[in-house]
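**Student:** A single structure is presented below for examination.
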Ligand SMILES: C[C@@](CO)(OP(=O)(O)O)[C@H](O)COP(=O)(O)OP(=O)(O)OC[C@H]1O[C@@H](n2ccc(N)nc2=O)[C@H](O)[C@@H]1O
Ligand SMILES: Nc1ncnc2c1ncn2[C@@H]1O[C@H](COP(=O)(O)OP(=O)(O)O)[C@@H](O)[C@H]1O
């Protein structure tokens with residue numbers, strides 16, 4: 001074995017999510033600001049001695065039991081397969097890889113854990129194979145793995161549009177703290193898009209920066225997550241989560257992320273979010289509190 005590539009795969013939070021249209025293939029056009037929380041999975045990839053074999057994946061962590069390492073549909077394996085396919089005739093010369101995924105983010109929960117894992121796999125496998133992929137092609141490969149994978153490549157605050165493949169800088173964020181709560185129920189993204197009723201909403205004008213949390217909350221209050229009603233129809237506990245979060249001491253704002261069921265709340269500081277954790281704790285609920293992930297990492 002040679003050097004281990006360790007990549008953190010951070011939770012993606014949609015501060016708002018407008019459905020702006022629909023493509024002919026059924027995919028929805030979205031407008032959203034995605035930010036990343038400190039909460040993360042960790043993917044470790046090592047080069048093995050053998051050549052030509054597939055990526056061998058082991059999974060552990062708090063939410064590892066729900067996923068199988070030998071499942072070829074796992075997004076980590078699909079990411080490695082996509083890069084191997086790109087190597088064409090040179091694929092047989094690539095060394096085999098051994099990977100461990102520490103799965104600490106809830107699965108199918110609106111915070112893009114699987115997408116973040118796929119992006120982490122693209123980053124670490126490219127490094128392990130000493131492979132350079134032009135940015136536009138990398139975004140194309142990422143999009144083929146899932147609409148949320150491109151935004152997870154860099155893990156920086158991003159304005160997303162298209163189906164998730166058009167990426168622009170988000171407004172500069174203020175200091176704040178974040179809490180994430182998941183009620184323990186997986187929610188299927190396609191099922192929520194199918195259950196959605198109502199028309200389309202325009203993409204809003206946003207400022208270049210939010211100087212304070214109050215300014216950001218004022219803007220977000222004018223916007224919405226257009227998947228929230230549909231997700232609540234699929235998983236009614238989301239409404240209870242939101243009302244518990246809104247009642248927590250110091251909570252400035254709460255909303256569902258992505259297609260749910262995870263909800264986020266904003267606080268004045270990471271410490272304020274951590275202090276409110278006990279007030280929202282319920283049996284079977286996953287609660288995380290801390291800072292946004294502000295470092296980002298270029299793919
Ligand atoms: C809703 C969002 C918002 O960021 O977040 P999550 O709830 O997944 O975190 C994403 O668009 C989810 O992206 P992702 O989870 O990668 O979706 P994909 O695997 O590409 O698509 C799953 C299914 O969701 C629907 N889908 C997804 C994205 C999109 N823009 N329009 C859609 O209609 C399609 O039915 C598709 O078959
Ligand atoms: N490494 C992975 N982590 C999580 N989910 C994965 C992974 N690989 C494949 N999946 C599948 O992808 C789907 C979406 O997972 P996830 O990204 O966690 O959802 P969401 O984007 O809603 O948070 C799940 O149904 C899950 O079975």
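Every residue gets a Cβ built from N, Cα and C, even glycine.
Remember, TrEMBL labels are computer predictions, not curated facts.
This is the feature table in TrEMBL:
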ACT_SITE  12  active site
ACT_SITE  148  active site
BINDING   106, 107, 108, 109, 110, 111, 112, 113, 114, 115, 116  ATP binding site
DOMAIN    74-153  domain 'GHMP kinase N-terminal'
DOMAIN    210-282  domain 'GHMP kinase C-terminal'
**Student:** Taking the Cβ of each of the binding-site residues and counting other Cβ atoms inside 10 Å, which one has the highest number: 108, 116?
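**Tutor:** Counting every other Cβ within 10 Å of each candidate, the maximum falls on 116.
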**Student:** Helix, strand, coil: count each for the residues of the domain 'GHMP kinase N-terminal' (74-153), based on DSSP.
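**Tutor:** Helix, strand and coil residues of the domain 'GHMP kinase N-terminal' (74-153) number 50 helix, 8 strand, 22 coil.
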**Student:** If you measure residue 114 (ATP binding site) to residue 148 (active site) at Cα, how many Å is it?
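**Tutor:** It is 9 Å, counting Cα to Cα.
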**Student:** Running a distance check here. Ligand 1 versus the binding-site residues 106, 108, 114, 116: which have CB less than 6 Å from one of its atoms?
**Tutor:** none
**Student:** At the Cα level, what's the spacing in Å between residue 12 (active site) and residue 110 (ATP binding site), rounded?
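**Tutor:** That comes out at 8 Å between the alpha carbons.
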**Student:** Filter the candidate list 110, 112, 116 of binding-site residues, keeping only entries whose CB is under 6 Å from an atom of ligand 2.
**Tutor:** 110, 112
**Student:** Can you count helix, strand and coil residues in the domain 'GHMP kinase C-terminal' (210-282) using DSSP?
**Tutor:** 38 helix, 10 strand, 25 coil
**Student:** Which residues does residue 110 (ATP binding site) neighbour through Cβ under 8 Å, counting only same-chain ones at least six apart?
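**Tutor:** In sequence order, the residues whose Cβ lies under 8 Å from that of residue 110 (ATP binding site) (at least 6 apart) are 14, 187, 189, 231, 256, 257, 258, 259, 260, 261, 262.
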**Student:** Sequence gap of 6 or more, Cβ distance under 8 Å: name the residues on the same chain that satisfy this around residue 148 (active site), in order along the sequence.
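**Tutor:** Expected: 12, 112, 115, 164, 258.
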